[in-house]
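**Q** One structure follows; several queries about it will come next.
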Amino acid sequence: MVKKEKTPSPYTKPLDGGWGWMVVLHFFLVNVFVMGMTKTFAIFFVVFQEEFEGTSEQIGWIGSIMSSLRFSAGPLAAIICDVLGEKATSILGTFLVSGGYVISSWATGIPFLCVTMGLLPGLGSAFLYQVAAVVITKYFKKRLGLSTAIARSGMGLTFLLAPFTKFLIDLYDWTGALILFGAIILNLVPSSMLLRPIHSQSNNNSDIENKGSILSATEPEASYKTETSKCKETQEPFIKDSTMKKSEQPTTTLTVLGNQSEEFSNRPHRNRPLLMSNGKSHKKKFVSWNCKQKLLDISLFRNPFFYIFTWSFLLSQLAYFIPTFHLVARAKTLGIDVMDASYLVSVAGITETVSQLISGWIADQNWIKKYQYHKSYLILCGVTNLLAPLATTFPLLMAYTILFAIFAGGYLALILPVLVDLSKNSRVHKFLGYASFFAGIAVLSGPPIAGWIYDYTQTYTGSFYFSGTCYILSSVSLFFVPLAERWKRKQSDLLRTTIK
């Protein structure tokens with residue numbers, strides 16, 4: 001007889017507060033020290049042009065490598081997290097960013113800086129950001145939107161870091177400024193120690209990664225308890241070949257633990273359910289097959305929700321940086337003073353920060369599903385950018401800037417909560433890592449594409465049209481979420497029928 005029970009779990013409810021706010025503090029500092037300083041690269045851009053007499057294209061590669069690696073190194077960050085754990089990975093990322101800035105102070109050329117200020121900080125940023133993002137999902141559920149928005153608001157302090165960076169360069173030269181930046185970022189080492197591990201077991205077990213169910217006897221010792229993050233050698237009991245006589249085989253009650261996935265019936269024999277007879281199991285030591293597959297898990301590519309999220313994430317990241325980079329340049333072509341144009345950037349930063357906080361709080365009220373908010377914000381961003389060429393005066397440009405910052409802040413605050421909802425809170429590391437890899441390609445190619453459009457048309461209106469189109473297209477995949485949910489339910493029903 002087979003009977004179903006819910007997964008016995010030692011800890012299933014996120015704290016939604018308590019020590020979780022310390023994790024939010026760490027995530028906030030990551031956004032301030034790492035992401036905020038990345039945005040101040042424009043100041044070093046001018047300095048490097050004068051120091052090394054390089055072209056804009058050559059020096060632009062430094063910033064492009066740094067920005068794109070924060071996303072495209074996501075799969076590597078996921079693997080490192082599985083091997084070392086979140087806390088060690090975060091500390092490693094801190095040393096990479098800090099060391100990259102310090103070594104850059106001895107730079108002798110642009111290729112040198114591409115490695116020390118592009119590659120190293122880019123990898124470190126990926127490690128820091130992904131670890132903080134994943135750990136915060138373990139501590140928060142009901143308040144995930146608000147907690148993420150508070151953490152991301154650190155990026156809004158860029159308008160304060162820009163004059164601070166200029167002050168350091170004027171006072172200590174660019175070499176001294178880089179050394180000080182490296183020292184400041186080292187504060188993330190004690191901050192990373194706040195990432196207290198939390199061991200939980202949900203219905204969608206993260207270690208098992210939905211690769212199948214576990215069948216066990218009703219004895220407590222048969223429960224399968226997992227530890228998040230680290231991939232270790234484990235001993236798994238499995239059924240031993242035997243020639244028991246029929247009369248010697250007693251009736252066994254089996255308990256189905258957890259939610260089963262559609263992949264259950266296709267798993268190899270060594271990954272089949274754990275069967276126990278008479279409350280006793282025949283055990284043999286071997287290295288966990290799950291652990292071997294953990295470092296290179298391609299099962300995500302059979303998950304429709306992964307494609308839905310990745311399509312939306314890729315195109316929205318492709319679109320986001322284009323108006324950000326070209327806003328001031330477009331204002332200059334309209335005859336607006338550079339100082340007035342710089343106010344647009346400051347207003348955008350402040351508005352986006354406030355918008356993220358409000359968006360996160362609204363999403364946590366669960367009036368509608370979070371991806372519905374996300375989809376609406378993306379569409380509004382697209383419409384706003386498609387109408388941007390109509391803004392030909394400073395007041396109209398200011399109105400466009402405020403509207404775009406409101407809608408952009410709205411969807412940026414919901415990227416992580418939507419990811420958690422679509423991934424069903426399982427394999428968040430891998431889900432975010434692989435999706436970020438494709439987003440990194442978009443970040444690397446977006447500004448050059450927009451630049452090519454300007455070179456071809458000699459106007460920035462084409463860049464805003466391109467951005468608006470990408471935003472509209474990024475929302476399309478989210479319309480397929482209900483279809484994917486129905487498909488998932490059919491697969492679950494079919495699996496339950498097969499087990500019965």
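Just so you know, glycine gets a Cβ as well, placed from its N, Cα and C.
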**Q** Under the annotation given by Swiss-Prot, are Tyr454 and Leu300 positioned on the same side of the membrane?
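**A** No, opposite sides.
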**Q** Assess whether the transmembrane segment (343-363) lies in contact with the transmembrane segment (397-416), where contact requires at least three Cβ pairs under 8 Å among residues 6 or more apart in sequence.
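**A** Result for the transmembrane segment (343-363) with the transmembrane segment (397-416) is yes.
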**Q** Sort out for me which stretch, of 59-79, 397-416, 431-451, has the most Cβ pairs below 8 angstroms to the transmembrane segment (110-129).
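**A** So the stretch in question is 59-79.
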**Q** What average pLDDT is reported by the model for the topological domain 'Cytoplasmic' (80-87)?
**A** 88
**Q** Hey, does the transmembrane segment (397-416) touch the transmembrane segment (59-79), meaning at least 3 C-beta pairs closer than 8 angstroms, sequence gap 6 or more?
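**A** By the criterion, they do not touch.
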**Q** Of the listed stretches 88-108, 176-195, 305-325, 431-451, which one has the most C-beta pairs under 8 A with the transmembrane segment (17-37)?
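**A** Counting Cβ pairs under 8 Å, the winner is 176-195.
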**Q** If I count Cβ-Cβ pairs under 8 A between the transmembrane segment (88-108) and each of 154-174, 176-195, 305-325, 397-416, 431-451, which range comes out on top?
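**A** Most Cβ pairs under 8 Å with the transmembrane segment (88-108) come from 176-195.
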**Q** Pull the DSSP breakdown for the topological domain 'Cytoplasmic' (417-430) and write it out as helix, strand, coil residue counts.
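**A** Once the DSSP states are binned, the topological domain 'Cytoplasmic' (417-430) shows 10 helix, 0 strand, 4 coil.
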**Q** Between the transmembrane segment (431-451) and the stretches 154-174, 176-195, 305-325, 375-395, work out which stretch tops the count of Cβ pairs under 8 Å.
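**A** The stretch I would name here is 305-325.
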